[in-house]
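Novice: This is the structure, below, for whatever I ask next.
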Amino acid sequence: MSAVYNFCAGPAMLPAAVMKKAQAELLDWNGQGVSVMEVSHRGAPFIQLAKDSEADLRELMNIPDNYHVLFMHGGGRGQFSAVVNNFLGDNGKALYLVSGQWSKAATEEAKKLAGDNSIDVINVVEKVNGLNKVVIPALSGNGSEYRYLHYCPNETVDGIEIFDDIDSPWPIVADMSSNIMSREIDVSRFALIYAGAQKNIGPSGLSIVIVRKDMLELPQLTQSSIMDYRLTAENDSMYNTPPTFAWYLAAEVFKWLKSVGGIKGMAEVNAEKARRLYACIDSLDFYKNGVAPQNRSQMNVTFQLADESLDKDFLKEAEALGLVALKGHRIVGGMRASIYNAMPLEGVDALVSFMRSFAAKHSS
């Protein structure tokens, strides 16, 4: 079978080495004689897996000791609710920066739970010379106006990424579902980081929460046990049955990432993948990207064909070559190539080669 490169935005492709290992030990994990899907989450073998995976993630991201690492249910949308419910009791307020579809969705969920008067919003994307550019105003305050500031560093739908650190007098909460572990960050700048697993961590069904311990002292809005950070931390993410198979695969992804140079090494590869793809887009009038260069996502490269009538042909011919899931999100249309950690350089090179040949064939 010829190679297939999966550019899906999520659930996304997993590293081939991880998939092969999971296949090899699917029926007999860790010498147990049964699948990891069949063992008790409270048994010693899985407890060890949980401890090892947390240790690996802490090492990869250099997570300080004053942070909890939680393995939870619910994905990113689940965390939209969890953040509000855990931090906005006693009439607390929060500030949300909107840079695209996912930060907008988080804002809408926050308003639904806490009420419009508890959520202030700043739209931070402006059209500059016809391109979407992130412009974050100076944020000033004494630190007591808001319980937290929420933003999404990478917008998968819009192809927008915020690379610069945000200077905020309030604790920063970040939805890193689509760019976690793609480049180095200083975790200590954040009060909470959350990420749905299905892009750079593992399969869907799992979410990672990295939360500074002092944040758990804030009054809760509601006490929903399943998404209670305090309860989850007190029970080592085992208050209820976790998504064990997704956790196992995440643990294997962490090991794989360590073996290929860690986040520093992966960041170099990711930057090169994005550079090659954007260089192709910019060098041909046949394609266009609507994001300012400094905010172009390294994970989700969006582009449109100059002649939209060729969209279906582009997708059909790409798929025939094993380049799949390139259709853009229904809200924005066009194309989207998601090139998360697991996408090899060879996949990007194959896409670039096809894009150049397709453009040559259809250019007048």
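The backbone N, Cα and C atoms fix where each Cβ goes, and this holds for glycine too.
Sharing the record's features from Swiss-Prot:
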- ARG42: L-glutamate binding site (BINDING)
- GLY76, ARG77, TRP102, THR156, ASP175, GLN198, ASN240, THR241: pyridoxal 5'-phosphate binding site (BINDING)
- LYS199: N6-(pyridoxal phosphate)lysine (MOD_RES)
Novice: What is the number of other Cβ atoms found within 10 Å of the Cβ of ARG77 (pyridoxal 5'-phosphate binding site)?
Specialist: 15
Novice: Drop a 10 Å sphere on every Cβ of the recorded positions ARG42, LYS199 and tell me which sphere holds the fewest other Cβ atoms.
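Specialist: So among ARG42, LYS199, the recorded positions given, the one with the fewest Cβ atoms within 10 Å is ARG42.
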Novice: Compare the Cα of ARG42 (L-glutamate binding site) against each of the binding-site residues GLY76, THR156, GLN198, ASN240 and report the nearest.
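Specialist: For ARG42 (L-glutamate binding site), the closest Cα among GLY76, THR156, GLN198, ASN240 is found at ASN240.
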Novice: For the binding-site residues listed here, THR156, GLN198, ASN240, THR241, which shows the highest count of neighbouring CB atoms within 10 A?
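Specialist: Max Cβ neighbours within 10 Å, all protein chains included: THR156.
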Novice: Cα-Cα, whole number of Å: ASN240 (pyridoxal 5'-phosphate binding site) versus LYS199 (N6-(pyridoxal phosphate)lysine)?
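Specialist: Here the two Cα atoms are 24 Å apart.
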Novice: Just to be sure I understand the packing, how many Cβ atoms besides its own are within 10 Å of the Cβ of TRP102 (pyridoxal 5'-phosphate binding site)?
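Specialist: Neighbour count, Cβ to Cβ under the 10 Å cut-off: 22.
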Novice: Could you tell me the C-alpha distance between THR156 (pyridoxal 5'-phosphate binding site) and the residue listed as 'N6-(pyridoxal phosphate)lysine' in angstrom, no decimals?
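Specialist: Computed Cα spacing between THR156 (pyridoxal 5'-phosphate binding site) and the residue listed as 'N6-(pyridoxal phosphate)lysine' is 10 Å.
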